[in-house]
Amino acid sequence: MTKTKIDLKVVLLGYASVGKTCIVTRYTSGQFGDTHTTIGGAFSSKRVVVGETEVLLGIWDTAGTERYQAVNVSYYRRANAAIVCYDLTNRESWEKVTFWAEELTQNEPEIEIYIVGTKLDLIQQGDIKAVPEEEVKQTARRYKAHIFETSSRTGENVSLLFQTIAEDFCKRTNNGTNPVNSNPSNVVNVNTQTQKKKGGCC
């Protein structure tokens, strides 16, 4: 039986048209479609279970705002995890990854960063990766980030990405390394009749 509920804020960042909205749509609805560019921000949510913990992933898609070279800080304020996307076949989209990683670490130093290469299906069909794997690894090491490659078209690694984000967060919370981003109200013990606030995952 689930004993604990946690709200986990996730933000998606990246160059225009790398497929951020497609990732969210694939994950939350299981569907794929070539979507139009989102202006401003869009919000979606989905519940996952990690052990005895129920995690509500609140997913903020910041599509469109990257046109101004700076995302409004309010989008990722108090975020627990950030998915920084780039198109595996597009070098220009990769050049923005460092920009977003710097923005995040300066404004939310406790945030966990996931560098996600999109459109993996194109690579599997014969396209060439625009960024050498070692360069991606070096950038990930610099920001202590995780690396994923996904395809919204086939769904490959999309669910795994979000499940890993939830699991990593619960591990950090249990270890005391990221106490719900200094916001204990994110965690609610639902094992008693009166819902009592608590500071970590069970």
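Note that Cβ sites are derived from N, Cα and C of the backbone, with glycine treated the same way.
As written in Swiss-Prot, here are the features:
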BINDING   14-21, 61-65, 118-121  GTP binding site
MOTIF     35-43  motif 'Effector region'
LIPID     C201  S-geranylgeranyl cysteine
LIPID     C202  S-geranylgeranyl cysteine
Reported mean pLDDT - the motif 'Effector region' (35-43): 60
Least buried by Cβ count (within 10 Å) of the binding-site residues S17, T62: S17
Lowest local Cβ density among G14, K20, L120, which the record lists as binding-site residues, within 10 Å: L120
